[in-house]
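*Asks:* One structure coming up, written as structure tokens, with questions to follow.
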């Protein structure tokens, strides 16, 4: 419930579209099953990520930090999948970096740096195929990225260019002025640069002869855990004392509202807040007052949202989470239900490795944290980082020893995995789909101007364009939410091809391409009129010839029902002489 608020509630259309796509992918994969060989490789990638909470990282013991060269993980791990006949069919790359090259000033739908890296890899492998239509699949997956940013220039005050306050990430007390920037000229150029770095390293690993074969059996274990019912004592090697661990009811701290340097929050909040504010406490208490037990459990976090005690219309954050571990031969995947910071991930990896080593008679390969799996329970920091209460700590919802609980749980999973012990499945989370609330109104109707039909071009492209130039065309349109066009596209770039006795148009790019943008906007809310603007920055490898921009969509009639339409711009000529490339080149859908 908590994260649905900012998007006006649960979106059944989005959920159903994603679920249908996943099922369709699994079905196709099952129909194409064949023997495969797996191999893994690793390599260092520099200048693609930084720690966005370095003061929190420094809270960890010096002797622990001394084991590592950097304050973020710089190693990419790749799992390569090849058919028995030698044909490569897929690759998964894990690298710690947030897909936040496009910060919260961006209003365009985008898969960000990791999405574009996937596009680059698949275009390389599926030459001649449209994006998403080729046989080879490349994934760039999340790992322990909790405190890791792609904005490698760091955080600066946008009003004077000076560095932000390192602890609070503010400029003269204001969080909105402190913004981290990437290596490019703007957020879109930064997305491109980080994506190209990810792709280049992944490709280097892919073609390397230094591949380690994955061999052995496939095993997995899964268990649901109620984090609020975890209560035990453990020995802390740092303090050399026994520590009582209690899983708290979920709660978000003040610094959560401050946001991060990748996307600032609002009001007077700042990172590192460990003292409450009476005004905000009064606002909070008007909704729900946290219990004394919850306040004590969450210390030193000042509670802004006691989400574990907020029940309407259903629980705001999960108490029960999904935990699992999988052994693919000697390759270990640890799916986790949240965003582990750098050191939190390192500790969990070490716990898993140490446990597996106690039972394994052969060498264990990479241990990969697979982040944000099955359940989303926000962030997980180390107990030491929790003390500082920066954004990630304020978003660690089960209290200071959240990581400790996970280390104990994954140790139990690994022991069960290696000893073939059958675990109880745990209590399943409640299905809240019948209680969801959607505040976004449906599309009521669409209309087109008098005597003009949907798909009519209202702005034509120029007659002649060059490499690197931007081409645009605008169409009378219906609302994109009328039909998601799964496996189709709202816009296409088409090239005219001369055949023996006729001409035909062949699609060369869609709204999935980096060089295209699709904008939709209402021209009259009362009348339900809309326009769609299509854009294409002509890439360097474009073959000279005649092209056109096309738009496809559906309009909703006043008395119900949908009418599909398609429109095409006038043909235009692409010449080979290059012009300076313009920015903002990414796969984007813009809904105002």
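Indices start at 1 and increase along the chain as displayed.
Each Cβ is built from the backbone N, Cα and C atoms, and glycine gets one as well.
Unlike curated entries, TrEMBL annotations are predicted automatically.
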*Asks:* Looking at 553-572, 573-592, I want to know which stretch TrEMBL calls region 'Disordered'.
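*Replies:* Checking TrEMBL against the ranges 553-572, 573-592, the region 'Disordered' one is 573-592.
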*Asks:* Identify all same-chain residues not among 98, 339, 379 whose C-beta atom falls within 8 angstroms of the centroid of the Zn(2+) site's C-beta atoms; report them in sequence order.
*Replies:* 145, 146, 147, 148, 338, 340, 341, 371, 378, 392, 395
*Asks:* Over the domain 'Neutral/alkaline non-lysosomal ceramidase C-terminal' (411-574), what is the model's average pLDDT?
*Replies:* 95
*Asks:* Rounded to the nearest angstrom, how far is the Cα of residue 149 (active site, nucleophile) from the Cα of residue 98 (Zn(2+) binding site)?
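*Replies:* Cα to Cα, residue 98 (Zn(2+) binding site) and residue 149 (active site, nucleophile) are separated by 5 Å.
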*Asks:* Rounded to the nearest angstrom, how far is the Cα of residue 149 (active site, nucleophile) from the Cα of residue 339 (Zn(2+) binding site)?
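*Replies:* Each residue's Cα considered, residue 339 (Zn(2+) binding site) and residue 149 (active site, nucleophile) end up 13 Å apart.
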